[in-house]
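Listed in TrEMBL:
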COMPBIAS  C:1-11  compositional bias 'Basic residues'
DOMAIN    C:40-544  domain 'Cytochrome oxidase subunit I profile'
REGION    C:1-30  region 'Disordered'
TRANSMEM  C:52-73  transmembrane segment
TRANSMEM  C:93-114  transmembrane segment
TRANSMEM  C:135-155  transmembrane segment
TRANSMEM  C:175-203  transmembrane segment
TRANSMEM  C:215-243  transmembrane segment
TRANSMEM  C:275-294  transmembrane segment
TRANSMEM  C:301-320  transmembrane segment
TRANSMEM  C:326-349  transmembrane segment
TRANSMEM  C:370-392  transmembrane segment
TRANSMEM  C:404-428  transmembrane segment
TRANSMEM  C:440-461  transmembrane segment
TRANSMEM  C:481-504  transmembrane segment
Amino acid sequence: MRKMLALMTGGGTLFGGASLAHANGWNMPVGVTDLSAEIYTLHMTIFWICVVIGIVVFGVMFYSLFKFRRSKGAKSAHFHENTTVEVIWTAVPLLILVGMAVPATATLQKMYDASDAELDVMITGQQWRWRYEYLGEDVAFNSNMSTPRAQITGEEERGEHYLLEVDEPLVLPINRKVRFLLTADDVIHSWWVPDFAVKQDTIPGFINENWVRINEPGIYRGQCAELCGMDHGFMPIVVHAMEEDEFDQWLVERKEAAEAEAMGVDREWEMDELMERGEQVYGSICASCHQADGGGSPPAFPGLAGNQELIDDVDWHIDVVLNGVSGTAMPAFRSNLNPVELAAVVTYSRNAWGNDTGDAVQPAEIVELLE
Amino acid sequence: MWGVIKSVLAAFFGVQKERQRRHDFEHGKPGAFILVGLLMAVVFVVVIAALAIYVAG
Amino acid sequence: MAPKLPPHHSLQHSSTTATAGGQVHDDHDHHPQPRGIMRWLLTTNHKEIGSLYLIFSLIMFFIGGIFALVVRAELFQPGLNLINPEFFNQMTTMHGLIMVFAAVMPAFTGLANWMIPLQIGAPDMALPRLNNFSFWLLPVAFTLLLSTLLMPGGGPNFGWTFYAPLSTTYAPPSTTFFILSLHIAGVSSILGAINIVATILNMRAPGMRMMDMPLFVWTWLITAFLLIAVMPVLAGVITMMLMDINFGTSFFDAAGGGDPVLFQHLFWFFGHPEVYIMILPAFGIVSAIIPTFARKRLFGYASMVYATASIAVLSFLVWAHHMFVVGLPLAATLFFMYTTMLIAVPTGVKVFNWITTLFRGSITFEVPMLFALAFVVLFTIGGFSGLMLAIAPADFQYHDTYFVVAHFHYVLVPGAVFSIMAAVYYWLPKWTGHYPSEILGKWHFWLSVIGVNLTFFPMHFSGLAGMPRRIPDYALQFADFNLVSSLGAFLFGFSQLIFVWVIIKCVRGGVKAPAKAWDGAEDLEWSVPSPAPLHTFETPPDFKPVQH
Ligand code: HEM
Ligand SMILES: [Cu+2]
């Protein structure tokens, strides 16, 4: 059986053209985890089973079509039942399937065993970005697609990783078992990286579990796999898998940066600083619905530019950003953005596009409201 | 009764001897076959479920 | 069971003088009836209603096809070239909904209306007025559905599977109309199914036992039971959506204690039997055509019936194979993997039986046969990808990619749709009295076969290589596959104009067909004249069973 599987996988290599760990463009990638390779083997096994059955079945069929043409004088026979044959062709597929079910079951058991993980990463799907949180490490960030609009509309030449590039990739260590806890803030998304053979729906209000142990350092790309609204096609996943010590160092750096930002909460921020930071946050978080020019796309996504309700009432504005508007697509950002980002983005949208209220909302005010 | 069960099993498997089939259709009571069929369907579900739960541990 | 003859002239002739019942009228042109639009609005005749269903389905097939071509045009090259993502999502959604609920299902119901009474020797359907009502619900339902595209916020944009909460909390305002239109279409399906069951169980010609029925009748009987079982589930789930959207419940909203995954369980409990609803009648059609043109009795009639019944039962036990990645417990994943693998067995048995029917036959290749043979080959390819998808660990890679799109289009387009075309070519002589053009038919066939394969075969590759479904733009490595798919789609789409041409030509004239239009055809419909007069079998025929 082992040998047969190996043979079939070898055949699969022929079929696919090349046996690279990465996608070869025609076939499922072997991937960079033990499980992804195992799944690839299952895939090729069932594929070859289908090919063999296909050759037999279509062989008999085309033989009959050729041999028993009336134009060649074929006279039809009269048989129309044969219990033995029927038993055989029901039993044989049944046995093949049992043979397939056994290795498939074994693989599933491994896939479901997320115990003994060394690192926990919380993955949150949001329209239309991913949020990654290293649990217990105080490191969290959003990951947005970084392909420029101009490439999508064709005004600019498309890059090599068109639509599969992000501003901040998920960074993971190799050779460590990493457990993913997956959820969503709004609709269902699905986190998929083909090279890991990990695809898991992220469901609002529920937490799913999956895991990975990467064998090779590298950059691995995937996409959201569950239709999640307008920009479903534009929420890629990029994972940067590093050597273990490199990863540890990265984590320390990120922790320090996070602490530095937390310190910023207490001081008074200048308008310019807030605007600059706010524009950045707005561009990566808000613009996908409310548009870069604040115009929105009513009725689902109201415009912010010249929005009188927003201009008149700063408290309401902050409340909407912090807590969302239930029953609409506007999510609550209180736990997705830090106080500096929240203050900056509110300030930005109160002063950009001719809103010009002159209000500078301070991080400290936000902290107070969050308590 | 055993005959009915055997016929229902054959139907589940999808193959039945012509002679037996004709016998069932001419002499059997449809109600008995339907009842046994439903029961066997339940048994089928229970067996597969038990297997799955057992394998899942 | 004695056949009961319904008092069929009652409604249709209420405003005119009734002609003598109980006679076969050879010349339907002289038959008095309401004229113009009223004739069609009020008809209770199974043949006229069958034609209405078929014409409606053909129109919807083109509307759904235009939506598909909009999608394929956008995907012809990378980039957002023609339409924006919101509209793209509306197009994929509407394409799926229209093709499933307005094209394929009504086409099979139309064929059932026309052919079941003819095949069992009944004068009409058991419930003719209900029949009229079921049909006329459809234009209402789908005009409403299509009109949502013009509403503020646009039409449904959440995929034909309309997963909550994308289809509830996050849906456009028109969703309530979408729900209403599905309700109406659902009522139509249920009533149609009840009518078919009543007809088959009560109105067979004297002497025709269940196991003497043609397989098209058998498969439709089983399909009708599936419909009656699952359409109410669909109605339930969309009602729950309606409540979530408009009345503040939270069936599918975790914030209110609900569960979005519950939606998927309910939807697929309807949805998986639904996909078999779209293929079982096709099995029946192919089981009629292959023996005709192989001039040999169908191999394993009884096992065909059993396999159909097995599929129907199993189809209720496999729904969560659409949900392997939602986070089911291991035991559930195993259960649904095992049952899904099992359902492939009776499906395989069907294919083996058709091929054995060909073996040692005396085969000719008229257009209906060509479509039926293409069905066998290409449907089997769809069955193979189904088998691959059944392997749950591998499905973690396949799920929600173009591989799945390839799978279900293989079973639905060269599967269900080809079977419908085969049926049309096969029965057109009976409907119109003329043979459809053989030359045009062959052009239509070959262009369709090439188009379908160019469109859908590359999708296996793009899916395996990692392209998710339902995206309006894609990474550059998928460009070649998409280019081929789009070209194929346009070829397939435009080839269907030939089909319309064939039908129109055939209605207007052509080589005259005798009662028994195909020399290997055996069933009862071939014993009435071609074209079939408006009223047939007003006195039950003499049915002599072939020894099955
Ligand atoms: C050999 C029998 C079959 C097997 C084992 C099978 C298996 C599957 C599986 C496992 C999926 C889920 C794939 C995924 O989403 O990851 C699927 C999807 C689907 N199948 Fe099949 N299938 C079979 C035959 C059919 C037939 C006969 C039809 C209809 C005529 C059909 C129509 C569909 C459709 C429409 C979907 C996708 C629905 C969607 O997500 O939009 N299948 N099939
Ligand atoms: Cu299914």
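The backbone N, Cα and C atoms fix where each Cβ goes, glycine too.
Note that TrEMBL annotation is computational and uncurated.
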Arithmetic mean of per-residue pLDDT over the domain 'Cytochrome oxidase subunit I profile' (C:40-544): 94
Residues of the parent chain within Cβ reach of the transmembrane segment (C:175-203), under 8 Å, 6 or more residues beyond its termini: 1, 3-4, 101-102, 105, 109, 112, 116-117, 120, 122-123, 125-127, 130-131, 133-135, 137-138, 140-142, 144-145, 147-148, 151, 155-156, 162, 167-168, 213, 217, 220-221, 223-225, 227-228, 231-232, 234-235, 238-239, 241-242, 245-246
Stretch among C:52-73, C:135-155, C:301-320, C:370-392, C:404-428 sharing the most Cβ pairs under 8 Å with the transmembrane segment (C:326-349): C:301-320
Region pair the transmembrane segment (C:370-392) / the transmembrane segment (C:404-428), three or more CB pairs under 8 Å: yes
Among the ranges C:52-73, C:275-294, C:404-428, C:440-461, the one whose Cβ pairs under 8 Å to the transmembrane segment (C:215-243) are most numerous: C:275-294
Tertiary contacts of the transmembrane segment (C:440-461), as residues 6+ beyond its ends and Cβ separation under 8 Å: 72, 367, 370-371, 374, 378, 385, 402-403, 405-406, 409-410, 413-414, 418, 421, 425, 480-482, 484-485, 487-489, 491-493, 495-496, 498-499, 501-502, 505
Winner by Cβ pairs under 8 Å against the transmembrane segment (C:301-320), considering only C:52-73, C:275-294, C:404-428: C:275-294
Positions on the same chain near the transmembrane segment (C:52-73), where near means CB under 8 A and six or more residues out: 40, 43, 82-83, 88, 91-92, 94-95, 98-99, 102-104, 106-107, 109-111, 113-114, 135, 138-139, 142, 146, 417, 420, 424, 455, 485-486, 489-490, 493, 496, 500, 503
